[in-house]
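Colleague: Found this in Swiss-Prot, in case it helps:
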{"type": "ACT_SITE", "residues": "P2", "note": "active site, schiff-base intermediate with DNA"}
{"type": "ACT_SITE", "residues": "E3", "note": "active site, proton donor"}
{"type": "ACT_SITE", "residues": "K58", "note": "active site, proton donor"}
{"type": "ACT_SITE", "residues": "R263", "note": "active site, proton donor"}
{"type": "BINDING", "residues": "H92, R111", "note": "DNA binding site"}
{"type": "ZN_FING", "residues": "239-273", "note": "zinc finger"}
Amino acid sequence: MPELPEVETVRRGLNRLVSGATIASIEVFWPKIINNDVDSFKQRLANQTIQTIDRRGKYLLFRFSNGLTMVSHLRMEGKYNVVPRGEDQGKHTHVIFHLTDDRDLLYNDTRKFGRMTLVPTGEENTVAGLRTIGPEPVAEQLTLAYMTATFGKSKKMIKPLLLDQSKIAGIGNIYADETLWMSKIHPMRPANSLTTDEIATLRQNIIDEMAMAIKGHGTTVHSFSTAFGEAGQFQNHLHVYGREGEPCERCGTIIEKIKVAQRGTHFCPLEQRL
């Protein structure tokens, strides 16, 4: 699943490609992707201009000229790309936004898990997932006081807590493993067992790692690609995720992979101890 850095990379690319573009018409080939009535969805966006594209956590927010916002969740495999009108759309394209400048904005999703929801701008929090979403992993929102209070009252293991979008927005499996390794914290540690210093270190590593991953245009492990159809580059800078059986960069101990809350989890057994 694309995590915050990947979704932010897509957002930036789409803003360069389609901000200011006007939708002529829409074709929907897999209606379940649309959470609204499909005919109404198509009618309400026809002849509307994409003013900008914002992001909240892992959700893209397409802002339209008529005061509507399309909340797009890519889920596991969703991706957007822009092609000239008439170009082969591919067998996994499920929604096409025909633009008035003879281009098509394609939504492609091999798993068909992605969802689009049209709401009045300002009412994005009525969409499931956004209703309870936590702060963004940036210094201004993810404060030490917030993290200390949140972790202090939870006996939950630290990794699944980091994956809980109601606690912190945008962290997924890759960046949870990476930031816990950077912080030398075992993924199964109870959140309330972390010291203030450990929380402060983890917080800073989350903020720094997400910023660096965005700068690296996200991580391509399976199929992620940018709005320009290019792979991300940050997979070349991962320290622990996907490196089971390889030596830890810091101490040389072999990286192990275990299941934590049903998620494959990579860690250094020497430096990340329970």
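Numbers here mean position along the shown chain, with the first residue as 1.
Using the three backbone atoms N, Cα and C, a Cβ is placed for every residue, glycine included.
Note that the structure is predicted; figures quoted are calculated from it, not measured.
I'd like to know what surrounds each of these features in this structure.
Modeller: When Cβ atoms from all protein chains are considered, those within 10 Å of P2 (active site, schiff-base intermediate with DNA) total 27, not counting its own.
Secondary structure from DSSP puts E3 (active site, proton donor) in coil. If you take the C-beta of E3 (active site, proton donor) and look for same-chain residues 6 or more apart in sequence within under 8 angstroms, you find K58, G170, I171, G172, N173, I174, Y175, A213, G218, T219.
DSSP classifies R263 (active site, proton donor) as strand under the three-state reduction. Cβ neighbours within 10 Å of R263 (active site, proton donor), excluding its own Cβ and spanning all shown chains: 15.
A 10 Å cutoff on Cβ-Cβ distances gives H92 (DNA binding site) a total of 17 other Cβ atoms nearby, all chains included. DSSP classifies H92 (DNA binding site) as coil under the three-state reduction.
Residue counts for the zinc finger (239-273) under DSSP (helix as H, G, I; strand as E, B; rest coil) come to 0 helix, 12 strand, 23 coil.
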Colleague: Mind checking which residues reach the zinc finger (239-273)? Cβ under 8 Å, same chain, six or more beyond either end.
Modeller: 157, 159-160, 163, 173-174, 177-178, 180-182, 184-188, 221
Colleague: By CA distance, which of the recorded positions (H92, R111, R263) lies nearest to P2 (active site, schiff-base intermediate with DNA)?
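Modeller: Comparing Cα positions, the closest of these recorded positions turns out to be R111.
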Colleague: Let me make sure I understand the structure: which of the recorded positions listed (K58, R111) has the fewest other Cβ atoms within 10 A of its Cβ?
Modeller: R111
